[in-house]
Amino acid sequence: MKDRKRQPGRWTSWMQNMTGRLRVRGWVYLLAFILIDFLSVGILQWGVSLNSSRVELSNPLIGFWGFISAMWTQRRFVLVLNMLAVGLVYLALACLTNRFWAASGLILAICAVIAVIERFKVRARYEAILPSDLDFLHADAANLVSFLPARSLLMIGLGVVALIVLGVLCWVVTRMDARRGRPVATGNKPLGAGLRTVGVLVPVLVVALFMSTVGTYGSPAYRFSQFMGDKPSMWDSVYDAQRNGVFVSFSRQLRPKVMDQPAGYSRATMQSLAHRYQLSADSINRDRKSYMNESTLVYVLSESFSDPTRVPGVALNQDPMPHIRSIKQGTTSGLMLSSGYGGGTANLEFQAMTGLSMANFDPSLTSPYQQVIPHLSWIPTVNQAWGAPSRSLAFHPYESSMYSRAENYKKFGFSHFYSLTGPDQIAHQDRIDRSQYVGDRSAYDSALEQMGDDKGNQFVEVITMQNHMPYNDWYDDNNFSVNSSDPNMPLGDDEVQSIRTYAKGVSLTDQATADFVKSLDAQSKPVTVVFYGDHLPGIYGTASWDERNSLALHLTDYFIWSNKASDASGAQVSNSAYSSPNFFQAQAAEHMDAKVSPFTAFLTQLHDKISAIEPPVANQIQDWNRIPAGQTNYLDAQGRPMDARDFDRATRQLLNDYKLIQYDIMAGKHYLQGTGFTATPTRRSDAARQKAEMERQAKEQAKEQARQEEQNQDKDRESSANSAN
């Protein structure tokens, strides 16, 4: 029997017949390139097109259609900007592989994988992928599974199937294409290789340059992204990615310019600086009796809190804050210069927590919580004076991922961060009437439950949300009325409603704060509270038109108060009429008569020279593109603006030292780490230091005694020799 020749199957036969049959023209490649580029960006945007499932956010969800329609509704072409960036990566892949259809499948697969990871992270933590996640991937990749939400395995399985189908489809189209999908096809191999090399290197270099400099103010990449409509939204990484595109949002935070390196920065310079302020701390501490960690310190950042009766042109029918006004009169208090107006909360919090100043940063650095701290291996903060993380607690009745607080607080050394989301749920979540935000009383009550007498001494951070924008007539029984105190400058109807709502909110905060202070006054352990409003609400449209009102629109209220169990009860420190949040830890230590670290000693000296420091400000809601242009704001003890050209030599030296300190911590080599520069004295550390000093003196005395004995022996030998002669 003759062997039968094996016949090819239908699929094989069809592929053989179709191989090389599809003659693709250049315009088809171009059209397919644009379509796949558009689809790739759409896939990336799908990954972040989710709202928080746990918190009602003030930011609207921006889906892919909103991303597209922004081109004609807002004249923002961020879709095109992201397509250009992704398209360059796509082009590099096409030239690298010299297979158009394979590169198409590869770019779609890469974007799909990124989008799925984005979606998992947004679902789990309401946070987009950040550059700092790459550090986590390198250091703790084994724990990635812990961030996978429920039913994620099904999505992963479907994704794998989709990628396989995509791969097969690309292979089939490549086989059908007469050119095998070669974007560079010439008879001259050296020429083809050269063209492909250029096609890889140029796009890669352009993308790398864009990603590394788009976050730097004034760079070509920055100017181009602004021209295309990029509007950074640094408070919310998910909203920022929805609004400006995943690629651009990620790139902006990749390599922000923190600040220029100060002249003379070196290990020797920083060691000399640390020694100089150690001597200053020793001088201050000789007259101080208390230790910071032997009291409880509470920082209260009251969202948008300020006295509306101080706003030029605004007249209210009653005082919205009589209780806080009374507290201020009996303790250390004053007005705080704020860099924000209508926003910028985390920047004020950053300054209060670290003692560093936004005025020292490059204009590109608009949000250290988002842009810098996630990358740092060391960041000293005021709460670290209490030692173990179990002594530091934070409370914020909102989404924990805002400004990357959840991760940053771990780095600061907090053991628990109680919020509406995350593993530690804040205990009280009551809203007032129709307000979308948790009331201040609930925030205070949640903190009080964790800081009773039996809890020992702690550092507690409370960040409220009640008075956050918008101000949409939330409250019942609102008896406040608002009028213009200047007949020539009437207030608009919307402005009046917003101010009425805000004034009612201030009055509710006033009563809740008074009750909070009263509860702390009943505790038997010493407690000190630093209370401050972060910025004014951005509702004073009439007043903001006049640049002469700039200072008034950037002054909030603050006080430092201690309960009856504290030796600092009733203390009123001089030079407190004006301040800025970077000085709070120095002022709190002075109010408490507490010993200070060399860094706090430095802040004390600087505050004696300059009462308040903030970067240039603007009478408009916080802009996250850059720090406003202009001169740094300095206020003296009477609240008068100061001109840096008039500073004496000592003040200029302090400001230069400030830049050196801040650069070392935020962008430098961390030469100060391990020097004790930021270590707040404790009773134990002082005892250890005294013991070490006594041992050093004993060794010196022993050396001196041995030297004297040796000299005496030499004299005896010399005398004996003389006698023998």
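Cβ from N, Cα, C; glycine included.
TrEMBL has this to say about the protein:
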TRANSMEM  27-48  transmembrane segment
TRANSMEM  77-93  transmembrane segment
TRANSMEM  100-117  transmembrane segment
TRANSMEM  153-174  transmembrane segment
TRANSMEM  195-218  transmembrane segment
DOMAIN    296-593  domain 'Sulfatase N-terminal'
REGION    675-725  region 'Disordered'
COMPBIAS  683-719  compositional bias 'Basic and acidic residues'
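Helix, strand and coil residue tallies for the region 'Disordered' (675-725), in that order: 42 helix, 0 strand, 9 coil [DSSP]. With a cut-off of 8 Å on Cβ pairs spaced 6 or more residues apart, the transmembrane segment (195-218) and the transmembrane segment (77-93) reach 3 or more such pairs and are scored as touching.
Sequence-distant neighbours of the transmembrane segment (77-93) (same chain, 6+ residues past either end, Cβ-Cβ under 8 Å): 33-34, 36-38, 40-41, 44, 67-68, 70-71, 103-104, 106-107, 111, 199-200, 203-204, 206-207, 210, 224-225, 228-230, 243-248, 251.
Taken together, the residues of the domain 'Sulfatase N-terminal' (296-593) have an average pLDDT of 94.
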